[in-house]
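These features come from TrEMBL:
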- 34-44: compositional bias 'Basic and acidic residues' (COMPBIAS)
- 543-555: compositional bias 'Basic and acidic residues' (COMPBIAS)
- 16-44: region 'Disordered' (REGION)
- 536-555: region 'Disordered' (REGION)
- 185-207: transmembrane segment (TRANSMEM)
- 227-251: transmembrane segment (TRANSMEM)
- 263-281: transmembrane segment (TRANSMEM)
- 293-311: transmembrane segment (TRANSMEM)
- 332-349: transmembrane segment (TRANSMEM)
- 355-375: transmembrane segment (TRANSMEM)
- 387-406: transmembrane segment (TRANSMEM)
- 412-430: transmembrane segment (TRANSMEM)
- 442-462: transmembrane segment (TRANSMEM)
- 474-498: transmembrane segment (TRANSMEM)
Amino acid sequence: MNVGNNHLVDINEVLHEEEEDHKEENSNISMNADKPDTRFNRPMKNREIKRPPRKFSRQVSLETGFSVLNGETSKDKNGRKILGRSGNSFGGFGVNGTNGIEARNKGDFNMFRTKSTIARQSSKIPLRKESGIELQNNNVKEGLNDHVKKSVPAGRYFDALTGPELDQVKDSEDILLPKDEKWPFLLRFPIGCFGICLGLSSQAILWRSLALSPVTKFLHVPLFINFAVWLLAVGVLVAVFITYMFKCALYFEAIKREYFHPVRVNFFCAPWIVCMFLAIGAPPKTAPGTLHPAIWCVFMAPIFFLNLKIYGQWLSGGKRRLCKVANPSSHLSVIGNFVGAILAAKVGWKEPGKFLWSIGFAHYLVVFVTLYQRLPTSEALPKELHPVYSMFIATPAAASLAWGAIYDEFDGLARTCYFISLFLYLSLVVRPNFFTGFRFSVAWWSYTFPMTTVSIATIKYAEEVPSFITKALALALSFMSTTMVCILFVSTLLHAFVWKTLFPNDLAIAITKKRNSKDRKPLMKRWTKHSPLSFVTSIGKHNSGDKECASEEEK
């Protein structure tokens, strides 16, 4: 539409109701044009031309880029509709044909559900009987689903999340699901729950060592404790594994989000590490002296393929290179190699054990140096310290145990790794403030596994260097580890079944793929930089023309 030298550009579609309104307004303008008016006998200025007001029933969200149909809007003093900028979650969009308030209250959790290929293809075929509004709502819903299916870049997690485990959303960020509504249980069940299994299964190995080691023979520890803890660990592992399998079957899109998470991707090694722990710490009466090699093949194969994926990304130098995604939980993918080496030695395969030990030790050195350097060019690690930082002491302790199991001797290299873990353990113990000020969560179980590993390594060291100091150190560390497990186990039961606060909404999996910064310039202003006349200028001229016409009519 060209009027004078002004160019008005309409980027919004006009619905049928709006077309009828425009026809009525145009007819009124044509009828008024037949009447003589002295105002138009003189040369007209651009700002004096009165233009019919435009109505926009569909607007483009300045934060999300999604089209909002009949969403929450407000009116300014001139009667124009303005998109509501409440900063709430994406659940506020009317993807199901409802208004924003109803959608926000209900929440669209189906976007994370597992969808078959046939359903995805059939959902893209529009029905003839559908109205225009339904088609628009389907397009919006399909856009949200595509927004969930696409993988989130690693840097986006660091930009949108905070906290030691990147599990808290920043205030300036928006999420795909409502924050003020309780989500389904499976969506709130994180893969970090396998940390409970890590703590219990490692305790089974500890009590087996306390019962069979000559250093602690004077304690007369019964093997029944090892058997009871082992059964408890097996039961918890089965419960957690079945629950997470249900999540994989029903909410596979959420599993993908956790898989691309720079912290949680390492916990995908945890189930198989737990299985190897249970094989190593099995009670002597229920397990043979030499395990079948097939057990090692079944449990180590998933970890090996995960190592190829994770280490390959570290090495390739892409967006998930180590200097950008390094965090304390990265040790967990390294520990799997050392535990696999211990199990390989137990089944009688020493050479595969040496192979895994060399891979684990090489990548441990890289991770250790990267986390110590904190390169200024890498993504900033969270400032708060957390139980997951105790992973620093678990890796060298597991390396010392693996070396001793392969060569049947706790020699110089095994002791070197053990001394490193012991020093890191002491450096964290003398700083108790690092581990205070956090609410209880499943991540607290990260305390137990490293403490237990150091305790077992201390028992092995006391066997090689028997003395009062080494025996006392082994007993002290074992007591601290067992006490921590008991406290966390009771706390977990209370938070899960009494207070029901163990599994809050997992906000980390509901972040958007792109940044929705409120500091950015509005989309309209950025678009009008490349247009002949901006909407802001045209609206301003329209308002000024109305005022002048009104003043002349009064005269």
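Cβ atoms here come from the backbone N, Cα and C positions, even for glycine.
TrEMBL does not curate its annotations; it predicts them automatically.
Note that the coordinates shown come from a computational prediction; the quantities given were computed from them, not determined experimentally.
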Item checked: Closest-packing stretch to the transmembrane segment (412-430), where packing means Cβ pairs under 8 Å, from 185-207, 227-251, 355-375, 442-462, 474-498 -> 442-462
Checklist line | CB contact flag for the transmembrane segment (332-349) and the transmembrane segment (387-406), at least three pairs under 8 A | finding: yes
Next item on the list: For the transmembrane segment (442-462), could you work out the same-chain residues 6 or more beyond its ends whose Cβ comes under 8 Å from its Cβ atoms?
Entry: 164-165, 167, 190, 192-193, 195-196, 198-199, 202-203, 205-206, 209-210, 213, 215-216, 386-388, 390-394, 397-398, 400-401, 404, 410, 414-415, 418, 421-422, 425, 435, 470-471, 473-474, 477-478, 480-481, 484-485, 488, 491-492, 502-503
Checklist line | Positions on the same chain near the transmembrane segment (263-281), where near means CB under 8 A and six or more residues out | finding: 165-166, 190-192, 194-195, 197-198, 201-202, 204-208, 226, 230, 233-234, 237, 241, 287, 291, 295-296, 299-300, 302-303, 306, 310, 327, 329-333, 335-336, 339-340, 342-343, 346, 388, 508
Next item on the list: Give residue numbers and ranges for long-range contacts of the transmembrane segment (293-311): same chain, 6 or more residues beyond its ends, CB-CB under 8 A.
Entry: 265-266, 268-269, 272-273, 275-276, 279, 333, 336-337, 340, 343-344, 347-349, 352, 356, 359, 363
